[in-house]
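In what follows, a single structure is set out as structure tokens and then discussed.
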Amino acid sequence: NDKVDFSYNRLADPKFSFYDNALVEAVKSEDRLVYLFFLCLSLCHTVMSEEKVEGELVYQAQSPDEGALVTASRNFGFVFSSRTSETITVIEMGKIRVYQLLALLDFSNERKRMSVVVRTPEDRVMLFCKGADTIIYELLHPSCASLSEVTMDHLDDFASEGLRTLMVAYRELDNTFFQTWIKKHSEACLTLEDRERKLNLVYEEAERDLILLGATAIEDKLQSGVPETICTLTKAKIKVWVLTGDKQETAVNIAYSCRIFKDEMDGLFVVEGTDRETVLQELRAARNKMKPESLLESDPINICLARKTKLPFRVLDETPNGSYGLVINGYSLAYALEGNMELELLRTACMCKGVVCCRMTPLQKAQVVDLVKRYKKVVTLAIGDGANDIGMIKGMNLWGFIAAAHIGVGISGHEGMQAMLNSDFSFCQFRYLQRLLLVHGRWSYNRMCKFLSYFFYKNFAFTLVHFWYAFFNGFSAQDVNETWSLCYPELYEPGQHNLYFNKKEFLKCLMHGIYSSFVLFFVSMGTVFNSERSDGKDISDFQSFSLIVQSTLIWVVTMQVWPLVVGIALRTNFWTLISHAFIWGSLGFYFCMLLFLCSDGLYLMFPSIFHFLGVARNILNQPQMWLCLVLSTILCLIPGIGYNFLRLFLWPVNVDKVLNRIHVCLKHPLPPPVKTKIKHPGLRRSAYAFSHKHGFGALITSGKTLKPNAFKTSKRVL
């Protein structure tokens, strides 16, 4: 569609782009419900306006959401112009209209809505309301049933896309009801005892039988690729916890938009107790639903807690009976991090697929990271973009040192450079985290494991050859490229569980090294023992024998294939000209150097150093030498090849299954998946989130002079 022309509205933002002509035509034709919808957005708020330059309005909003809604209504021709304690001035499609502000039913976290009662220039008393969809839905008039169902379906779609939603409604009040109601309202405002509760009861009398006008959806814009990155990390079995200072509704909605929480989860636990006992009950109630046996007295951790002894072990992973999420605020977290309560928190949180800790202090962020490090056998990574994230990235030295995460990552952006300067790694986009972990992290782990395994194997094989010789001389002197790494995050799992280098793998290196050294020595010994050259001369001298063993050793360790005792040639993942040059060239270089070191010229120049005169020429001409080399190589390779072959069929691990899928995809590429929208009947989640607490209604209606800078715009978390 073509971009809508807003030239009819001189106060519209020239940068505003819109492509639905039907809505604009409905506004121009003064469709009653559309008209009331935008009128509600321009009246029902606590925004202050300021005209710094003639014709240019600047809005000071208590929250970014309010500012966005009032700006949207301005672009469509309903311009909030100014306000006093008693009036609101709106320019409606070029006409200036003044509404008398009769009452402002302020927003609060408990009510999750706000309303204004105004008298129109036509002397009609109107109540306009906006708030959480789940709250407004219960206050609607029965005649709105069909429209409300359609609207709720739309809100479900908005919520699944991570948008923050509100529902908009109105009610016309007759004068008799209003006069009675405004008296109750005045009495409740003047009361000194239980004022807030009485006001809420009065508000509820007016906010009923509302007529639905529509809904709004605001994008709390995340950085590009954040949901996809978190989804990929989750597939790699990396648990993602959100530690934020945002209010609960905002944090939960961000968690849904980032796919940390999903609508198809079996449950979402909210811990918001204001004392230790309540927090403990909420945590245990969550565990009782996820894994009831974790509350039994026979549980090892519960036994330690009952005896009030310090845990001598790590807290093992526990498998819940479903998929759950956990939300806990900073006030409750203060109790949950005290004494043995921290284990209750840790066990509950670790059973959940996603965890959101909101309204946190920087110290609490560091404490949560430290808690996981102390009791879980995991590697932690903290990522943040602000100065308040330094505690969990670098550690804190407040009332005793609190350890930081194993890996600290800083994001440079709107929050400044402090997090980046105190981190181990830094980049400008959150989405780069998946390459840091799934590509470079995995490659680094695999390289280190290959190096260590090959290092130990080579040294075992080399050293033990001398050990076997001592009995005869009286004791005298598989990888994949970066694209598949990102497509199959499951490949990251071996690094999490340290599958490629541990005590078991070290033992395998040792055993295979002993076996290889045994083969290298005794095959060489059996080949040359009491043997003669073709000319009848004896070749069983120690110089010839040592050269045979040495040459065979170098050839075997270069050709070694066993993936658990890593060799070079067949464990190389990407063959290039450089790979061929170094691997095969090293073997050629060895034989060239061997001939050079055993040459006549070198012996004549340094007779006291080079004693192996002519040994290389003589032994390389003998079939016994090449028989020994081939036989030793085959005997050393057979165990590795056999084990690797049988393991894929008899004891495959997840990585083997993923690699098999990759090979199948390479041979038979799959068609791109078709995205289908999945509806969950009976499951409805509110995407409501207002990024502020109690509103400024009392201040606005008090008649005091309001300066625009009294309204500090909240920062939007990216």
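The backbone N, Cα and C atoms fix where each Cβ goes, glycine too.
According to TrEMBL, the features are:
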BINDING   Glu66, Phe107, Lys130, Arg164, Thr244, Gly245, Asp246, Arg359, Lys365, Asn388, Asp389  ATP binding site
BINDING   Asp385, Asp389  Mg(2+) binding site
TRANSMEM  451-471  transmembrane segment
DOMAIN    478-652  domain 'P-type ATPase C-terminal'
TRANSMEM  510-530  transmembrane segment
TRANSMEM  542-562  transmembrane segment
TRANSMEM  582-606  transmembrane segment
TRANSMEM  626-646  transmembrane segment
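Recorded features from TrEMBL, shown on the structure.
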| residue | record | CB count, 10 Å |
| --- | --- | --- |
| Glu66 | ATP binding site | 27 |
| Lys130 | ATP binding site | 26 |
| Thr244 | ATP binding site | 21 |
| Asp246 | ATP binding site | 21 |
| Lys365 | ATP binding site | 27 |
| Asp385 | Mg(2+) binding site | 24 |
| Asp389 | ATP binding site | 27 |
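Looking at which of 510-530, 542-562, 626-646 has the most CB pairs under 8 Å to the transmembrane segment (582-606), the answer is the stretch 542-562. Residues listed for ATP, Glu66, Phe107, Lys130, Arg164, Thr244, Gly245, Asp246, Arg359, Lys365, Asn388, Asp389, cover a largest CA to CA span of 34 Å. Residue pair Glu66 (ATP binding site) / Asp385 (Mg(2+) binding site) shows a Cα separation of 25 Å. Counting only the Cα atoms, the space from Thr244 (ATP binding site) to Asp385 (Mg(2+) binding site) is about 11 angstrom.
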